[in-house]
Amino acid sequence: MPIEQICTIVSAEKLNEFAWSFTLEAGDLVKREGLRAGQFLHVKCGAEHLLRRPISVCLAQADEPVDLVRIVFEVRGEGTAWLSRRKAGDRLSVLAPLGNGFECGEKDRLLLVGGGIGVPPLLGQAAYTWGRSVAVLGFRCAERAMLVEDFREKCTQVVLCSDDGSLGHHGFVDEQVRRILAKDQTVASVLACGPKPMLRAVAAAAAEYGVRCQVSLEERMACGIGACLGCAIRMADGTMKHVCKDGPVFEAEEVDWNV
Amino acid sequence: MSNPVELSVDLAGVHLKNPVVVASGTFGFGKEYGAFYDLSELGGICCKGLTPARREGNPPPRIAETPMGILNSVGLQNPGVDAFIAQELPELKRHDLAIIANISGNTPEDYGVMCEKLSAAGVDMIEVNISCPNVKAGGLAYGTRPELAAEVTAIAKKHASVPVMVKLSPNVTDITEIARAVEGAGADALSLINTLRGMRIDVHTRRPILKMNTGGLSGPAVLPVAVRMVWEVAGAVKIPILGMGGVSRGADAAQLMLAGAAAVAVGTACFDDPFAPLRVRDELAALAAGQGLDRVSELTGGVRPW
């Protein structure tokens, strides 16, 4: 059940020109409410913004006296710009835990595929399957890269790609997904988060090799808890589901990729 | 120590233990916000708008933030009236609050059928939506033409055995004209305002944010419009008014009541603060107590216009 929690920012770190990492003191959100990576926090971004901003949980750690939660976000508009100006010691109102998160077993070998600000929500899965999973991380350019060392520590292999060739392979992540799936039959599931065109391409690649693919989606959101029906996503069967309550993680084969 | 202010109000014969209800479309059928507090704390709930059959609603994006407001183009996504009665209503009825079902139809007959089903299922009141800006057929068309509004109201009244409240659109030149027509057709109460039609454009892509291009504006930005329209309508009809539009504080609710509302609805404010309806209730009670009132209903129509 979601609750409102006032979280104190323990540390605020700028990862690159657009991305920030906050570690929050989060009360008992992990221990008692079961918050985990891949779910999201609905963060109040000042009185001047009517809507909270949904921010994915990067890492959720049960701790004493209070749990610690790491979020990574990119400045996209006025709300996230407000958030980026917060400092260690500031307090944030969040609604959490919200959404469903990825489904995977501790013993699973996962193929984690992240693009841009879609990279951070996968870090928790890398930690959960420590020493088993492979990550393919795509960025626009070398300057936009983030969390690469965090993934290297937790994954057996990290493959980097960039749109402009300034980092790792020059090209999109789905090429690397195909290359890996072609020679590795032990991948239990592909977990992907990033821009929708990337997710569509990764879903197609996973389907070619018959590997389960879970995607974390985003949509403009209001209430965050399933009441207002704002953040709709069309499913392959024509019905609408909602990122906040049914997602943000969906089975790729259930999503209508043609809209 | 003075006695606490009496918070209960009467809305066309429907008892509300406090004057704060939640607005249709912002609160689902209650269960999501029921995770935060007991729904019995509320005076009532205007449920998510129902149609005769399930509707999937409009394509996304459906939400855009604006200065002190929100545009939406959800488009009446709902499970249909039968699914509401079978799956949602029993749970809602376990709580002590007025249950107000909100209905939209494509034809006057649709309204009649839904009124019969919902009356039989035991809702406390029916809110007839003739003002949804986000659907092509019916909806707003009924709400902008007095003769059609009257026709829908008369059919709803004929088929309903519980009080009928008609929800008015602000997207008209003279709201009192529609209000009088609906009162004349037998409506027991009025609710206003629904959202104002609006639009927001991304200047870089030159695309509207909403996939439907336009949507309905709600939030604090619309409060002064709501206060003005409640005041105008209160001067034009004798039936009670449920006032809504941008209420996020007790003083906002008091403004609507002073303008003539018997009760108020909180909507968009819940997205920011799930506890907003309870805060509005408590702030309103404190405001009334501070003014030495015995009953919060003494605020209704108390404005002293120049």
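For all residues, glycine too, the Cβ spot is worked out from N, Cα and C.
Per TrEMBL, the features are as follows:
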BINDING   A:ARG53, A:PRO54, A:ILE55, A:SER56, A:GLY79, A:THR80  FAD binding site
BINDING   A:CYS223, A:CYS228, A:CYS231, A:CYS244  [2Fe-2S] cluster binding site
DOMAIN    A:2-104  domain 'FAD-binding FR-type'
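The Cα atom of A:CYS244 ([2Fe-2S] cluster binding site) lies nearest to that of A:PRO54, taking the binding-site residues A:PRO54, A:SER56, A:GLY79 as the candidates. Comparing A:ILE55 (FAD binding site) with A:CYS223 ([2Fe-2S] cluster binding site), their Cα atoms are 13 Å apart once rounded. Contacting chain B by the Cβ rule (under 8 Å between Cβ atoms), the binding-site residues A:ARG53, A:PRO54, A:SER56, A:CYS223, A:CYS228, A:CYS231 reduce to A:CYS223, A:CYS228, A:CYS231. Counting only same-chain residues six or more apart in sequence, the Cβ atoms lying under 8 angstroms from the Cβ of A:SER56 (FAD binding site) belong to A:GLY38, A:GLN39, A:PHE40, A:ILE71, A:VAL72, A:PRO120, A:PRO121, A:CYS193, A:SER216, A:PRO248. Here the Cα atom of A:CYS228 ([2Fe-2S] cluster binding site) is found 15 Å from that of A:PRO54 (FAD binding site). Under a cutoff of 8 A between CB atoms, and with a sequence separation of 6+ in the same chain, the neighbours of A:CYS231 ([2Fe-2S] cluster binding site) are A:GLU219, A:ARG220, A:MET221, A:ALA222, A:HIS242, A:VAL243, A:CYS244. Following the DSSP three-state reduction, the secondary structure of A:ARG53 (FAD binding site) is strand. Mean pLDDT for the domain 'FAD-binding FR-type' (A:2-104) in this predicted model: 95.
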